[in-house]
Amino acid sequence: MSAEPLQALANVGKGESTRTLLRVVILFLIAGAAVASRLFSVIRFESIIHEFDPWFNFRATKYLVANGFYSFWDWFDDRTWHPLGRVTGGTLYPGLMVTSGAIYHALRALTIPVDIRNICVLLAPAFSGLTAYATYLLTNEMTPSPSAGLLAAVFMGIAPGYISRSVAGSYDNEAISIFLLVFTFYLWIKALKLGSMLWGALCALFYGYMVASWGGYAFITCLLPLHSFVLICMGRYSTRLYVAYTTWYALGTLASMQIPFVGFLPVKTSEHMPALGIFGFLQLLAFLDYVRSAIPGRQFQTFLWLFAGGTFGIGLAGLVIATSAGVIAPWGGRFYSLWDTSYAKIHIPIIASVSEHQPTAWPAFFFDLNMLIWLFPAGVYLCFQQLADEHVFIVVYALFGSYFAGVMVRLMLTLTPVVCVAAAIAVSNVFDAYLIVKSPSTEDRQVEDVSEAVAKKAKSGLKSTSKPVVGVYSLISKGAVVSAMTVYLLLFVLHCTWVTSNAYSSPSVVLASKLADGSQHIIDDYREAYQWLRQNTKDDAKIMSWWDYGYQIGGMADRPTLVDNNTWNNTHIATVGKAMSSKEEVSYPIMRQHEVDYVLVVFGGLLGYSGDDINKFLWMVRIAEGIWPEEVNERAFFTPRGEYRVDAEASQVMKDSLMYKMSYYNYNNLFPPGQAQDRVRGARLPEVGPTLDVLDEAFTSENWIIRIYKVKDLDNVGRDHAAASAFERGLKKKKVMKKRGPRVLRVD
Amino acid sequence: MAPKHRNNRDVTPSAATSTASPSVSGTAPGATTSAVPVAKPIKAPAAATASSKQDWNSVVTNLINHYQDATPQRTKLIDAFMAFLVVAGALQFLYCVLAGNYPFNAFLSGFSATVGQFVLCASLRIQTTEANKSDFPAVSPERAFADFVVCSLILHFFCVNFIN
């Protein structure tokens with residue numbers, strides 16, 4: 001059993017064509033694994049769009065499919081941001097929707113009747129297969145080792161850092177743009193290596209596609225100039241660099257300006273200026289290069305000094321004038337928050353309030369990348385050893401990506417590709433050294449032992465490699481290292497599967513819980529409530545809710561909303577925040593002015609669902625305070641001792657706020673008197689619940705996660721609502737006498 | 001003029017490149033008549049610092065000579081087109097500065113068209129130059145031209161689309 005198949009197996013890999021065949025098969029299997037590992041959510045729950053943003057993308061896709069491309073391009077949406085509306089066609093990245101629309105029509109043309117929802121759900125897994133392939137191509141540019149590319153493809157296919165944004169149903173911009181990111185980088189490397197205009201143009205086209213798909217395109221816009229700059233600083237300017245970079249920049253910038261949402265940004269904002277600067281710099285360099293070839297050295301020096309001095313002076317003057325005249329916009333707030341992590345918290349609460357904009361906690365690196373994170377430096381080190389132009393790219397990307405991944409949780413996504421590439425280079429290096437069955441035939445036998453071999457390898461990196469690498473002699477050491485690596489790889493697969501299945505496969509629209517007997521129980525309150533809205537309210541009933549739920553209400557309930565996840569108008573969001581955090585008497589006019597018909601809150605107190613509105617409440621207060629500092633005050637929502645409480649000791653402002661009242665209205669009726677308890681915050685609630693005067697409870701879902709209130713109309717008899725509901729409760733009208741002050745003796 | 005005179009003296013640029021410092025000092029008597037070319041080896045750095053303007057002149061003339069001698073006719077055609085593009089771009093920029101950038105789309109696409117075409121021409125020029133052969137093993141002149149055409153088509157497609 002041992003010798004014969006082994007020999008056959010060894011022979012199979014010999015021929016060139018069989019190798020190619022094997023490679024194709026392996027790549028297909030990798031793509032299959034990448035797709036399959038993202039299907040947990042579909043199998044456990046159903047084919048459903050996840051979370052928040054995907055619901056908007058889904059809605060936009062449906063609009064695109066129903067109304068065609070041109071009306072999508074000019075789409076003005078009057079069902080969001082209620083009184084204002086949103087120029088949706090000009091304020092979104094259309095790449096994702098157009099991609100799935102194209103797939104939909106292509107499948108229709110092939111007479112495959114498929115629902116647009118299923119395309120949207122399965123788009124991210126499908127593209128993850130392509131991402132694995134793109135990573136394979138990119139890695140193959142880095143190293144001659146044939147196995148590195150395949151390993152990188154496997155890593156990319158199953159690394160949780162990428163899966164987190166690309167499970168089935170996660171129909172978000174990142175679904176396609178990570179593929180585009182990696183593929184653009186591959187084309188860039190290819191263009192740089194060959195110095196070909198065609199590859200540069202392809203790179204620009206995919207860059208344009210990337211710009212059309214995701215705001216993260218700025219990452220490419222900054223990384224490619226940085227790479228070029230580093231190359232120039234290392235004295236590696238070449239005509240190939242000139243051709244590749246200028247072709248990419250000239251075409252890519254024009255391509256990016258075709259997207260209405262990006263428009264003139266590439267020539268106006270500072271994020272894009274490095275690219276422009278390097279473009280100009282390369283022109284100078286090319287000119288100097290030409291001059292140097294034309295005239296003698298000493299003359300060239302004179303020329304260089306005059307020329308460089310003049311250019312620098314002119315450039316500096318131009319920059320100063322342009323900045324002071326306000327031609328170049330200052331850096332955007334989201335960009336500042338990349339440099340100073342506390343910037344957003346101080347200046348822009350709306351950005352800081354999104355959890356994925358928070359700085360990354362260090363365990364997240366291990367959680368998302370597992371063993372890749374410790375192989376990553378080894379891979380980067382190996383890149384240093386060779387350090388051709390493309391290895392410089394990996395090094396630069398690694399530095400840049402690591403920094404940004406540390407600043408913002410979401411940017412872990414852009415780090416993952418380079419980690420996979422670097423780790424694959426490291427692993428393949430180990431395997432290439434230890435998987436050779438034949439012992440080296442060289443005579444000097446100083447390398448006997450694994451540790452010595454490793455030491456020698458490390459040494460050869462530091463010294464210039466005068467001697468060729470000898471290799472490993474003993475089979476035992478080979479076996480040990482190889483089996484250890486194999487175990488690590490298997491553990492990696494286990495970890496990835498576990499993380500994907502447990503952490504990243506929840507749709508968050510549908511919640512799952514385990515019953516006592518271990519069976520799964522589905523909590524479907526969101527869809528229940530949205531369905532109620534769809535069936536029981538009139539078509540243009542305006543729903544007010546915190547912005548997190550805007551896209552879902554638009555997508556699932558199909559009702560107009562005041563604010564949504566687009567967050568383009570901070571004042572409008574602050575208005576909603578103020579309505580939520582003020583007293584009823586203050587909130588009611590706001591709601592009337594905005595024609596609000598229903599108010600929707602999310603309350604997790606009964607179930608212990610922690611992502612509810614009371615926990616997000618402080619952000620509403622902060623954002624409202626940013627606009628109306630004299631009317632809303634964050635401090636007033638804390639107890640005198642500085643605690644954020646919801647029980648009897650909560651501050652009066654807290655108890656009076658509309659959000660608190662809506663969350664706990666009627667809640668204590670569920671419990672025996674005095675036993676009402678909030679299971680999220682672990683607080684015992686006061687015996688008497690809050691009263692609501694201006695709202696009627698309209699609907700409360702099964703587990704009380706979603707509560708919908710109807711805004712009362714004006715009172716028929718002209719009383720204010722407090723008086724009217726006091727009358728309803730049977731309280732007598734307070735004596736008017738009291739207002740008159742102390743009784744005085746009549747003197748006339 | 002002195003440059004003309006020097007033109008005849010330096011026949012090939014390669015001769016100039018081979019001996020750098022003599023050629024610098026050699027120009028000195030031609031250009032500045034009053035200078036005293038007594039001790040050549042000691043004078044050369046002094047002259048370089050003293051009369052940088054004259055130095056500059058010789059740099060420019062050298063450059064022009066080299067260009068006229070070593071550039072094939074076809075490449076000169078490309079260069080003429082590039083010069084035209086520079087002029088066209090500069091005119092547009094001047095117009096934008098003087099008369100305002102109101103149809104900004106139109107200005108941007110017009111200007112980017114000239115800039116883009118310029119860099120594409122430059123790339124074509126670089127790729128077809130004999131001296132750069134070693135940098136581009138995979139790109140033959142025909143391939144370079146085909147690439148140039150494809151890229152120009154893409155460029156102008158975007159420009160026309162963007163011009164409004």
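Our numbering is plain: 1 for the first residue shown, then up by one each step along the chain.
Even glycines carry a Cβ here, placed using N, Cα and C.
Here the structure is a predicted model, which means the values were calculated and not measured.
Taken from TrEMBL as is:
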| type | residues | note |
| --- | --- | --- |
| TRANSMEM | A:20-40 | transmembrane segment |
| DOMAIN | A:22-422 | domain 'Oligosaccharyl transferase STT3 N-terminal' |
| TRANSMEM | A:88-107 | transmembrane segment |
| TRANSMEM | A:119-139 | transmembrane segment |
| TRANSMEM | A:145-163 | transmembrane segment |
| TRANSMEM | A:175-208 | transmembrane segment |
| TRANSMEM | A:214-234 | transmembrane segment |
| TRANSMEM | A:246-267 | transmembrane segment |
| TRANSMEM | A:303-329 | transmembrane segment |
| TRANSMEM | A:364-384 | transmembrane segment |
| TRANSMEM | A:391-409 | transmembrane segment |
| TRANSMEM | A:415-437 | transmembrane segment |
| TRANSMEM | A:469-494 | transmembrane segment |
| DOMAIN | A:543-598 | domain 'STT3/PglB/AglB core' |
Same chain only, please: residues at least 6 beyond the ends of the transmembrane segment (A:119-139) with a C-beta under 8 Å from a C-beta of the stretch. Say none if there are none. 27, 30-32, 34-35, 38-39, 42, 47-49, 54, 57-58, 61, 96, 99-100, 103-104, 107, 148-157, 162-163, 165-172, 175-176, 178-179, 182-183, 185-186, 189, 417, 420-421, 424-425
Before we move on, state whether the transmembrane segment (A:20-40) and the transmembrane segment (A:145-163) share at least 3 Cβ pairs under 8 Å, counting only pairs 6 or more apart in sequence. yes
Answer yes if the transmembrane segment (A:364-384) and the transmembrane segment (A:145-163) have at least three CB pairs under 8 Å among residue pairs 6 or more apart in sequence, and no otherwise. yes
With pairs restricted to those 6 or more apart in sequence, evaluate whether the transmembrane segment (A:246-267) and the transmembrane segment (A:175-208) have 3+ C-beta pairs under 8 Å. yes
Within the domain 'STT3/PglB/AglB core' (A:543-598), how many residues are helix, strand or coil going by DSSP? 33 helix, 6 strand, 17 coil
Other parts of the chain folded back onto the transmembrane segment (A:415-437), taken as Cβ under 8 Å at six or more residues beyond its ends: 131, 135, 138-139, 142-143, 145, 147-149, 151-152, 155-156, 159, 161-162, 178, 181-182, 185, 368-369, 371-373, 375-380, 382-383, 394, 397-398, 401-402, 404-405, 453, 457, 469, 471-472, 475, 477-478, 481-482, 485, 489
Maximum Cβ pairs under 8 Å to the transmembrane segment (A:88-107) - stretch from the list A:145-163, A:175-208, A:469-494: A:175-208
Quick test of the contact rule: Cβ under 8 Å, at least six residues beyond the ends. What residues does that give for the transmembrane segment (A:145-163)? 19, 23, 26-27, 30-31, 33-34, 37-38, 128-129, 131-133, 135-139, 178, 182, 367-370, 372, 412-413, 415-417, 419-421, 423-425, 427-429, 431-432, 493, 495-497, 499-500, 503-504
